[in-house]
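These notes concern the structure reproduced below.
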Amino acid sequence: MRSETGFDPALYDRFPTKEPRPEGEEEELRRIWCKPKGWEYLTVVNNNYVGIYYLGTAFLFFLMAGVLALLMRAQLAAPMLEILPQATYNQVFTMHGTVMMFLFAVPAVEAAGVLLLPQMLAARDLPFPRLSAYAFWAYAVGGLCFFASIFVGLAPDGGWFMYPPLTSKAYSPGINTDFWLLGIGFIEISAIAGAIEIIVGVLRTRAPGMSLDKMPIFAWAMLVFAVMIVIAFPSIILGTLLLEIERAFNWPFFDAARGGDPLLWQHLFWFFGHPEVYIIFLPAAGMMSMIVATVAKTELVGYRLIVLAMLATGFISFGVWAHHMFTTGMPPMTTGFFSAASMAVSLPAGLQVFSWIATLAIGQRSFNAPGLFVVGSIVIFVTGGLTGVMVAMVPFDWQAHDSYFIVAHLHYVLIGGMVFPLFAAFYYWMPMVSRRALSERLAKWVFALMFAGMNIAFLPMHLAGLQGMPRRVYTYLPGQGFELPNLVSTIGAFMLGLGVLLFLIDLARNFRLAPGGGNAGNVYDGATLEWLPSELYSARSIPVVRSREPLRDDPRLAGDVAKGRHFLPGSATGHRETIVTSPLLAEPQYLQIMPGPSAWPFAAAVFTAGFFLALTVQAYSFAWVSAILAVVSILRWLWETDRPVRDEEVDIGAGIMVPTYVTGPASHGWWTMVILLVVMAMIFIMALFSLAFLASNQPAFWAPPPSMAAGLPIYFLYGAAFLAALAARPLLKRDARWPVGLFFASAFAAGSALWLDWTGWSAAGLAPQASGQGAVIAALQALQAFAVGTGLLMAAYCAARVARGLMTQPRSNTVDLAMLFLCYTAAQGLTGALFGRAIGMT
Amino acid sequence: MRRAGGLIGLTSMMLTACSPPAIDSGTADPDAIARGKAAAYRLGCGACHAMPGIDWPQGRVGPPLAGFGDRALIAGELPNRPAPLARFVRDAPALIPGTTMPAIAMSERDARDIAAWLSSLHDE
Amino acid sequence: MTSRTEPLAAGGWPPPVLDPAGPFAESVTTLAWVLLLGGGAVLVIVLAMLGIALFGPPRLKTRLGGERAIWALGFAFPAVVLTGLLIWGLTLTSSLSATRVAGDAMRVKIIGEMWWWRVHYQDADGREMLRDANELHIPVGRPVLLELEAADVIHSFWVPRLGGKMDMIPGRTNRLLIQADAPGIYKGQCAEYCGGPHALMGFIVVAHSPADFARWRASRLPESAGAGRGLALFLSSGCAACHTIRGTPANGLAGPDLTHVGSRRTLGAGILPNNPGTMAGWIADSQAIKPGNRMPAYHQFSGDELRAVSDYLVTLK
């Protein structure tokens, strides 16, 4: 067996250990991972709590957006009703789509990841528990305030896709649109924080021996999901930022009369928006793959195919976005490419569906609650997939686009591809978090009502679409044949709602949270590690994983783990900790000491939300105070991390010694910073794309940029900034003051370069309000200014740590991360300076 | 002019109140009533009048027509009988010169059907 | 093919998308049928496989339960079908694109506005000949090239029985070919959400036989301005600030051109029949009919003034 890190795999044979464990070891674990009391429920960071909060909040949004859907169906039950007046309806349909996509679907699967992944990978927790808490609270506070806008009639009303110019200041002067732009932009940041956490968690905190090919399929799904978020979400963050700037400062990114282009928004939105569908679908498909195997009491057929299919889906989904734009007048060559990609993306879906069917075929048939939802999901999802192929055909889409046919299609895909799998998952994993499982008897009713209701609600919409009923209409004229399909749809929608209501009753009767042990146990006989007996610290000891379904292949494993016969049977350092393993083969590399509960992430989230909300209602002084308090809270929370450690090396079981402090590319902090920089780079790349897009679509508005040669001092300064930051790491060995000085030097060099760059553009006569070109160039400079400012803050933070003697030597993660960030800042600035001059160069 | 019309209306209302109006909607042909409702929708009477059973439009320019069959007078001036009603809906200014309601081109049959439908509307 | 003459009652059956009235809609309808029936067949196959997996005989179950079956059913089969469809789709797309314009096509520029349509008829060189609103008259059997633009936000032009839809985007001109092969009235509606009363932004296309079309065309040339009390009230009440009636001082541009408003089939952008009664109702209180539209309610007219204005307008044939 080869090794990835030099770890000798023969050491795994020491487990399970035979010696008796010392007294009190388990009690110490319990003490360290203690339950919260009273107000401490707000400051918990453990994934068992944050995951449940997160999932519960997402489900709450599902219910609220579902109520909005029922209101809409009531309004559309007959022609020209006035249950919801026009303006209210327009807000309600906008909120329904927005809340379902941004506040339910993505957070729900992300929450499932937070809740399930540590257990499934047998990690004690996710690698950044405080980041999870921050992401959750930011989402919960921001999301609830956003939703509340509908109660005061200030909810956005431009559709969940927010196309300008309808959403520009001229046609949407109220703050409704700002609620959307700031609220959603903010919640996306929380989604990205969660995604970074999940990538590092899946790749670095798996149980020893769980190589990638032994990883549960759900973890694969969450990995692809998180990578897709990191690549796709920056596009919508940039989009919302640009549109908000256009509204607030009149920079014409999307105003065709001044060299902007409304289609730029559509590209930015759908570059995020279509991958979004797969971002929602893949984790749900991962759940399906887990559940289907357990329900059929067999091994998943086609594990490798499914992994391949997920990777392919992730890849292809970035080439399909413009199929939402087939009617915008794109040339046939372009639509042809996107049509082909849209069809290709159905192939990996086909592989997954037939893998599930194959698994059901070789297994035993059982129609328990998860089994019913799995089968229902396959039927609904396949139907939606087939109509998806239809609308991928460009000429057919010219008829179907923006009609009720699409409403039917997307609900089949999303309900079959995400909602039904999620309900299967609720039933399946409920015994893991609750003291009682849900009722099997009631589940049959819930399923029957939801399945029948779903089809009765959405099947007739195909017909309404073919009859010419456009979507997003608050009413329709009689006499067009829309009456019957709409009435039937309304009846179906209320059946679906009744099914969900029954589920809520079941939840109220049987769901009793059991975080500190005492859960209902392995009711469905699952074979993966989340079914190990567990408490707040997950499993008592972290097992050596030797197969894909360890509980089935080694019936004694659960007992051995509970008796502490595997890795890390107690606490090695007296702190919360987990084993960090290598990305491919999961060989133990070091012990990560984890932060415990803290009020600072909560405070940071509340102040961040306060900042965005205050911006929305234009309370600027309150906004700036909130922003400063948010930054202070984040710095305060970081302040407690990266401390000098007591024991350089500890025994993690059976005499295997690993370090407790690792820096450089092997450390999880380094990985996280690299992923964060990928996010920033994607935002910047999308901004560069915007510049190139406007240059090719609005050439008449293009002014010649400053010359390449005139930029030489700028390039030189950015080069110096890069080298200064790079030199900080080796020089830390000499003196902790060296990096601080170099970081300041790097930030000042980058700042000077930025200043020179901007003065060059102003001298060339470019103004942000005058043209699309000026607006995008100024936006690029603003992004760069944000990076330089953050770099400066990092330098100051390092200086403060040195002054307090908190800087570890000769190597320090804090210095590593600041170094990475400042090097990136210099590279980003240089790229922007060169690119801006190259576009439209004469 | 307007006051005079009101006066006439008031007087005739008092007069008709003495002898109960002949209610002939019971004898009206149900097909005619249905056709009348369809014609009223087709011609867009809702642009000015809210009418029971027609959700849209529900204009606010003219009076709502719910319970029209129970009213004594048409536009406060004419006895509410099917024959004058049919003439009125087709060419209101010819019967009541100062009225806002314009003449609307429709067949005689449409006019009779609409009159039958309006006469069939009773307060609940 | 059914013929429909009532402007506002299309019936909805057969569904307009499956009931084409011209060549540009027809080929899409063929595709739609193939997709609907083929998709239905594939759904039946998948359900049958699912049924076998759950209830089938062990022999079939075993064959279904391996990677070979997954590749064959989940990849190879759809790949072949999709490749075929893709080739057909690409060919059809380029044949329907308005990039290749037939020489004898009639040209009309249509501009979407919140929440109605400007219609500018053009001659072969693209010069404007006639202005109208919310209604397009075309001869049967002849392709019509529409140049689609937007004045404010994005709209989308869609008359399902004559062709697919095409967005109207500020700053761009999109082209769409439509054609009707039988005389009749074809209903359309804005398909891109444009705020407010987007749901009530309708449109109709009136297709005439060539002789009727020539007659219609000729009726448009003399500008029948009319005179009298109605026009005087129209001019003195501010209507002319937004509306044009050629041959009179009324030359406002914000709202629809009313030069031939009396001959239109509908009022309020394809939503109301057009007669003196609906005209009066619209003028006095259009907000009750189409909430949010840009025309204020004209409460200041007395009854007979309102009648005079509406009677005048419906005479503008």
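Even glycines carry a Cβ here, placed using N, Cα and C.
Positions annotated as compositional bias 'Basic and acidic residues' by TrEMBL: A:15-27. Sequence annotations record features per position, and here TrEMBL assigns domain 'Cytochrome oxidase subunit I profile' to A:27-558. Feature annotation from TrEMBL assigns region 'Disordered' to A:1-27. Under the heading transmembrane segment, TrEMBL lists A:92-116, A:136-155, A:179-205, A:336-360, A:406-430, A:442-464, A:484-505, A:599-616, A:622-639, A:707-726, A:738-756, A:776-797 (among others).
Taking Cβ pairs closer than 8 Å, the transmembrane segment (A:136-155) reaches residues 50, 53-54, 57, 61, 64, 68, 87-88, 91-92, 94-95, 99, 103, 107, 111, 114, 174-176, 179-180, 183-184, 186-187, 189-191, 193, 601-602, 605-606, 608-609, 612-613 in its own chain, all 6 or more past its ends. For the transmembrane segment (A:406-430), the most Cβ-contacting stretch among A:92-116, A:622-639, A:776-797 is A:92-116 (pairs under 8 Å). Counting residues per DSSP class in helix, strand and coil order gives 9 helix, 0 strand, 18 coil for the region 'Disordered' (A:1-27).
Three or more CB pairs closer than 8 A are found between the transmembrane segment (A:599-616) and the transmembrane segment (A:622-639), so contact between the two stretches is assigned (pairs 6 or more residues apart).
Cβ atoms under 8 Å from those of the transmembrane segment (A:776-797) belong to residues 241-242, 245, 251, 253, 631, 635, 638, 680, 683-684, 687-688, 690-691, 694, 740, 743-744, 746-747, 750-751, 754, 757-758, 761, 766, 768, 814, 817-818, 821-822, 824-825, 828-829, 832, 836 of the same chain, restricted to positions at least 6 beyond its ends. A Cβ distance under 8 Å defines the sequence-distant neighbours of the transmembrane segment (A:179-205), meaning residues of its chain 6+ beyond its ends; these are 94, 98, 102-103, 106-107, 110, 113-114, 117-118, 121, 123, 126-128, 131-132, 134-136, 138-139, 142-143, 145-146, 149, 154-156, 158, 162, 167, 215, 219, 222-223, 225-227, 229-230, 233-234, 236-237, 240-241, 243-244, 247, 578-583, 592, 608-609, 612-613, 615-616, 668, 671-672, 675-676, 679. Sequence-distant contacts of the transmembrane segment (A:622-639) (same chain, six or more residues past either end, CB-CB distance under 8 Å): 130, 134, 595, 598, 600-601, 603-604, 607-608, 610-611, 614-615, 793, 797, 806. If you look at the transmembrane segment (A:484-505), the same-chain residues 6 or more away from its ends with a CB under 8 A from one of its CBs are 63, 66, 69-70, 73-74, 76-79, 423, 426, 442, 445-450, 452-461, 463-464, 467, 476.
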